[in-house]
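For reference, the structure discussed in these notes is given below.
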Amino acid sequence: MAKDRAVVNVGLPVEAVEAVPAPSRKPPGGRGRRGVVAGVPAAVMLTFGLWGLDRGGMWRDEAVTFQVAGRTVPQIWRLVHGVDAVHGLYYVLMHAVLAVHADEVVLRLPSVAGAVVTAALVAEVGARLARPRVGLWAGLLYAVNPMAGHYAQEGRSYALVAAGVMGATLLLLRGVERGAWWGYGLVLGVTCWLHEFAVLLLPAHAVALALARVRGRVWRGWGCAASAVLLCLLPMVVVSRAQAAQVAWLRRPTEETAAGLARQFFGASQEVYWVCLGLAVVGLLAGMAGRKGEITLAGVAAPLVVVPPGVLMLASQSSPPLYVDRYVLYALAGAPLLVAAGGDRVAAIAGRLWPGGRWADVLPSGRRRSRGGASADTRGPRPPAGPGPSARRPPRAYRAALLGLLLIALVPLLQFPLLRQDRDPARRPDDLAAIARAAARGMRKGDAVLYLPGYTRNTELAYPQAFRGTRDLALARAGDVSGTLYGMEAPAVDVRRRMAGVRRVWVVADRSVLAGRWTPRDPGERAGLDLLRREFAVRGEAVRGRTAVRLYARPLSPAGLRPPSLPPRPVRW
């Protein structure tokens, strides 16, 4: 009987100890403190997201979103069977958003909202796995990161994918704690349909669970949820593989590619990069180990930073390249978590050197040394704090949190030139609004237009007012009718016939085509380009980035033809 009623050193029967619930992963403090931890980064991210949101122009990918979202749902459904299947769900979402009001600001608002939610979720994960100040620092570091701000202002799905990934990561913690996995599978499944490469979160989470040495029950629950996600994603994978030619322009990632991604994650300026990278290493080394079955902050953040980009880069070495930094934007969230964890450890060591500090502050959360030298768990219930050394800890903790906030405030100041430049439409790969303005200044009603290659028609689809009344010489069927992004090109014989009686032609073209560095594959486009070189002379040109707007006219006599290698001096704006 004595054996059955054995007691532990705190004076409780074994049955009573077993009845004590597992410690909660919720961050300490009331709802007010947790609201501040998530709310402050969200507010900062909202500020940076709205700053310069109306930059006055879309680049080509945003223009695709804008013109496709303006189609009907059946037209979008037809489109994704031939192209852009990975963005199908996002196009349907944006169709509903732009139905309210269709302009460039509204186009980008969902991305701003996604970035705001991501910053708040980063803070929540940091607070749950460490302490409130770690979550606050991590959320703020995410909010002031130039890469996060860049995609917060882009009318594409990547900021929403990042929000879904962090939501799934938070639900992973709940699944380990409570055994509830349906929410995890649902959120991650929807996120993968926003962009299929979000599925690389699964191996990252598998590594996190392996590092935590979780029990078989957790593996079974997670495995069922992961299998459901993969099964749900299978139709998209089948369709998108048939559309692989869309990303044929990608190049294999190199060591410079990986180094560039690290700079985007940890800081664009030299000072910010090296400080944040050093703190991340401290956070990684100090916080990876935990008790069996316990997920640590570093155990979640490090796989999130490394696994998705690493898998995609490695896969791109032995197969057609698939890597673009925006495809793994969601991996950025792990970097500020590691940096904040490292900052917390450095602050704890500094607190030891402060008068009245204690070595106990340096030990990982939940693990302290007893007087006898044995490791003691301090996560259980504690008696109310009385007067003594512990009463002096809150002011010191607040000082450390405030100092961390002041240091984080330096990050956007040091990177302010980059943040300001990013609001300039000229910093994007192209500026279709500027191209449309140049066309509108010269084109007259009834003028003929030729797009070389066909994807430059994207400018007319995004800004139709600038091209109102013009004739497209190479268009056979419009994109919304043909189920294509930019429309179907006319056969070469039709292009030659349409150009036969034309005296002047406006050409919106990729500059590399006009320079002869590459030739379009479509026969109709090649026929139009050949006629321009043989029968027309350049009369004017305006250039914006990789795109040129040229006016070609037939000379009065063959002697008036200008060699194509000697165009007039381009006008830049």
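Even glycines carry a Cβ here, placed using N, Cα and C.
Record features, source TrEMBL:
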DOMAIN    96-236  domain 'Glycosyltransferase RgtA/B/C/D-like'
REGION    364-394  region 'Disordered'
TRANSMEM  35-53  transmembrane segment
TRANSMEM  105-127  transmembrane segment
TRANSMEM  134-152  transmembrane segment
TRANSMEM  158-176  transmembrane segment
TRANSMEM  183-207  transmembrane segment
TRANSMEM  219-242  transmembrane segment
TRANSMEM  272-289  transmembrane segment
TRANSMEM  295-315  transmembrane segment
TRANSMEM  327-350  transmembrane segment
TRANSMEM  397-419  transmembrane segment
Handout entry: Tally of DSSP helical, extended and coil residues in the domain 'Glycosyltransferase RgtA/B/C/D-like' (96-236)
Key = 122 helix, 0 strand, 19 coil
Problem - the transmembrane segment (105-127) and the transmembrane segment (219-242) contact flag, 3+ Cβ pairs under 8 angstroms - result: no
Handout entry: Top partner of the transmembrane segment (134-152) among 158-176, 183-207, 327-350 - counted as Cβ pairs under 8 Å
Key = 327-350
Exercise for the section: Report the mean pLDDT of the predicted model across the domain 'Glycosyltransferase RgtA/B/C/D-like' (96-236), rounded to a whole number. Expected result: 96
Problem - Feature contact check the transmembrane segment (183-207) with the transmembrane segment (295-315), CB under 8 Å, 3 or more pairs - result: yes
Handout entry: Spatial neighbours of the transmembrane segment (397-419) far in sequence, C-beta under 8 Å, 6+ residues away
Key = 48, 132-133, 136-137, 140-141, 144, 146, 149, 267-269, 271-272, 340, 343, 347, 350-351
Problem - Cβ contacts the transmembrane segment (327-350)/the transmembrane segment (219-242), at least three under 8 Å, sequence gap 6 or more - result: no
